[in-house]
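So the structure is just underneath, and the comments pick up after that.
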């Protein structure tokens, strides 16, 4: 009897798996499977009571208490089935949401917790005292539990089950699909009957047979309902398949492409209406025949037979080809065909989809002419450049000059004014280049902000003349969105010779020379020479070492004194970055600062210098020295960082120095881009309380009207104007003019590069306020500044 009962316990599990197979792994099928699983465990629990001939009483007692969760967990698992049905209906809008208050996850969890509590009490003697052997002449002997005072807790499972089955029955009636509704109603009904019969096991006079009978009733009824539903589903699937075949035939026939299949012999096995019309036949007449029975291929495009056989042999892949055919009317048509092997039960065939591309081919012929021209600027593009250069090199051995032109700071214009302004700027550049060249050469746009000019039959001197014209053309501002924008160019040039007739080398040399022009201050042109390769190699080494230097603390901040020319006292210092490499020695800032700008490292470096300078100023203040200012340079890349103002404010607040003791220096080139953006950011910085200086003034193209708009406090006269100022009248005039202009604008003036008494005397006579230079001290470590402050 024990083994027979075990067999009965497996039946619900098999039924649950069958339901999952039919319904798929949906929430409903999973919930039904869980319910069936608990029924099987319930029956397994009953089977254990017949195992006294095989196991000890202690083991049977343990296993009986262990598997009692099967009957105890039936109410929450049934509520989970109800929840799954409800979710399916609620998603489709077939049931009112008011049922959510009782049919929800929280209720399932609460009921499950209660059931687990009931299960836990089953391990107590107050719930089940012991198992007693019951022997009878009418049925097999078995063990029966003697219940204790907590029996009522277990008995609560009965009304809870019937409440859950009532909800399940009601919700099942709302299912729209008639086959599923019938199955779920049958499931609910048989669950009631089976559970009611199964509860008779609570009496030992039943011999524990009711649960087995209940499982059989449930299994047989649900299996019959399952089979009935399966048959109906199959019928619906066959009907849907027929509808789908009819739909696919309609789709294929209404498709303007030519769709057909053919076997290994080339005979058509399927064809759509579009193909039949092109052949001038009906579908029925062309199936079974070959393509060549109806159309002709032009000889040069008659190909693909070998590839078709290869595809059929492999059974995978795709073969695309373009063909020219002559249809039944004699018209010449281009078709593009994709051929794919498909495996059938008894053979392989080729699925072919052909598209009439005649119109496209006609357009392509017209587009070829446009393929060699840049659509934005109207200049010839990179493809045209490569072709033109290669052709020129075949005809001429020397006299070809390539001028590689890069627009300085184009990215800033593009980012601040927008891409539409950037496009407008590129068109204006193209026009200026065309105006400069006239008949001297040919301009190309090879991508982004890069242009190339090719001169033929030219000399070194002639190329330099053209380059000068280009630089001159860019001195006038560009008007973008109502704003004046200044931009310069860096030009690199290479000249062909009998020894240098390689297009790639010419282009590489011009590119190298262009980068040299950029590194030497931009707004320049440079002719390639072999020394530039060595310079480029050193640049690569420096870039690698600079990244290491940041992490290895090889960089340090030096300070150069700034002297008040009236009191002759130290009133400020300029923070300057220095690099002492363990192998390369002292690397000049002229070398590594532009490299940091180019690679983007300058943003992190600039922030580090600012923080170090502020920390050092705070240390001097804590030592009780007279308050001085510290000036820190802000690079072009830094200035256009979106979080610049927030970053500076954070550093000053963290280091604890007064804002009025910090002076930020920007170059004239920084201020020349996007006037409104520059003024707005400078205003934000001024509102913090710090001062702004314009560094290297006089080296750019600032106008007086433009300078008046900028919220700055100081002008710093570039050191280049003080060189030989006592002998050079032009430089002296420039210095005098800058100082006078600054006074008129109520700006303080700082002279850089003061190295002798003659220079000092001149700037004092003109009313300059402050000065810095070797006359007062070179850039020095903070310890040297500390000594000066002590004095």
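Using the three backbone atoms N, Cα and C, a Cβ is placed for every residue, glycine included.
Note that the coordinates shown come from a computational prediction; the quantities given were computed from them, not determined experimentally.
If you look up TrEMBL, you'll see 244-299 marked as domain 'PAS'.
Annotated domain 'PAC' per TrEMBL: 319-369, in sequence order. Across the domain 'PAC' (319-369), the prediction's mean pLDDT works out to 83.
Residues or ranges marked as domain 'GGDEF' in TrEMBL: 398-530.
The domain 'EAL' annotation in TrEMBL covers 539-791.
According to TrEMBL, the feature transmembrane segment maps to 6-23 (among others).
Residues annotated as transmembrane segment in TrEMBL: 32-55 (among others). Listed as Cβ neighbours of the transmembrane segment (32-55) (distance under 8 Å, sequence separation of 6 or more from its ends, same chain) are residues 1-2, 5-6, 8-13, 15-17, 19-20, 23, 63-64, 67-71, 73-74, 77-78, 80-81, 131, 133, 140-144, 187, 198, 201, 208, 211-212, 215, 218.
Per TrEMBL, transmembrane segment is recorded for 67-86 (among others). The list of residues near the transmembrane segment (67-86) in space but at least 6 beyond its ends in sequence, with Cβ under 8 angstroms from a Cβ of it, reads 26-28, 30-32, 34-35, 38-45, 48, 95, 99, 103-105, 107-108, 111-112, 114-116, 118-119, 122, 154, 157, 160-161, 163-165, 167-168, 171-172, 175, 184, 191, 195, 198.
Among the features that TrEMBL reports, transmembrane segment is placed at 107-124 (among others).
According to TrEMBL, the transmembrane segment annotation covers 152-171 (among others). With a threshold of 8 Å between CB atoms, the same-chain residues lying at least 6 positions outside the transmembrane segment (152-171) that come near it are 71-72, 74-76, 78-79, 81-82, 85-86, 89, 95, 99, 102-103, 111, 114-115, 117-118, 121-122, 127, 184-185, 187-189, 191-192, 195, 199.
Here TrEMBL flags 183-202 (among others) as transmembrane segment. Residues of the same chain lying 6 or more positions beyond the ends of the transmembrane segment (183-202) and with a Cβ under 8 Å from any Cβ of it are 32, 42, 46, 71, 74, 78, 85, 158, 161-162, 165, 168-169, 172-173, 175, 208, 210-211, 213-215, 217-218, 221-222, 225-226, 228-229.
The transmembrane segment annotation in TrEMBL covers 208-229 (among others).
For the domain 'PAC' (319-369), the neighbouring stretch richest in Cβ pairs under 8 Å, chosen from 244-299, 398-530, 539-791, is 244-299. Packing against the transmembrane segment (107-124) from elsewhere in the chain are residues 65, 68-69, 72-73, 75-76, 79-80, 83, 148, 150, 153-154, 156-157, 160, 164: each is 6 or more residues past its ends and has a CB under 8 Å from a CB in it. Beyond its flanks by at least six residues, the transmembrane segment (6-23) meets 29-30, 32-37, 39-44, 46-47, 212, 215-216, 218-219, 222-223, 226, 229-230, 233 of its own chain at Cβ-Cβ distances under 8 Å. Residues of the same chain lying 6 or more positions beyond the ends of the transmembrane segment (208-229) and with a Cβ under 8 Å from any Cβ of it are 4-5, 8-9, 11-12, 15, 18-19, 22, 39, 42-43, 46, 49-50, 139, 142, 144, 179-180, 182-183, 186-187, 189-191, 193-201. Residues in the domain 'GGDEF' (398-530) partition by DSSP class (helix H, G, I; strand E, B; coil) as 58 helix, 37 strand, 38 coil.
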